[in-house]
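Per TrEMBL, these features apply:
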ACT_SITE  61  active site, proton acceptor
ACT_SITE  130  active site, proton donor
Ligand SMILES: Cc1cn([C@H]2C[C@H](O)[C@@H](COP(=O)(O)OP(=O)(O)O[C@H]3O[C@H](C)C(=O)[C@H](O)[C@H]3O)O2)c(=O)[nH]c1=O
């Protein structure tokens, strides 16, 4: 596996080694020893799986307590995945990074605790699977608006506006969003 620190160094893009043969392919999606060496000493306690249609944008979400680190990947289709640094004392506070994750590139993104996370579906459909370092805690969950002018994420929109949940439509602007 290759571990590449992005412009926000705590966010790591992971490219697995893919073993292809006449049957198909094999790859390791997680190896604790390597992950802890390059990303930190985290344990995962919950795995999630969601499917979304083209043009859906889920997020950006974070939890004020039980903050979750997420190791995310796409097993069908393609998304543009984004992390926003919500850690008030961080040098990259309010900054964002993004990466295309797809069934074809098989890349994974490590999004540490303290980040708002979301993705936009660029394929017809996308199946998104991820590991979390803490449990879902809805009473502590917050949505950051996808199009906040201060964060100014450059989403690769393929139509006027993405399709959002009601919760995400009423997310906080960055200036008003609770910080970590
Ligand atoms: C996240 C979550 C949701 N749910 C239930 C609650 C709702 O009844 C239903 C859909 O939840 P929600 O609309 O919050 O799902 P997403 O919009 O995909 O939320 C996720 O979106 C972005 C991309 C994230 O990074 C988070 O992991 C997560 O917030 O699943 C659970 O039971 N457990 C969970 O861990």
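Cβ coordinates are placed from backbone N, Cα and C, and glycine is handled just like the others.
All annotation found in TrEMBL is predicted automatically rather than curated by experts.
Residue 61 (active site, proton acceptor) sits 14 Å from residue 130 (active site, proton donor), taking the Cα positions as reference. Counting other CB atoms no more than 10 Å from each candidate's CB, the active-site residues 61, 130 peak at 130.
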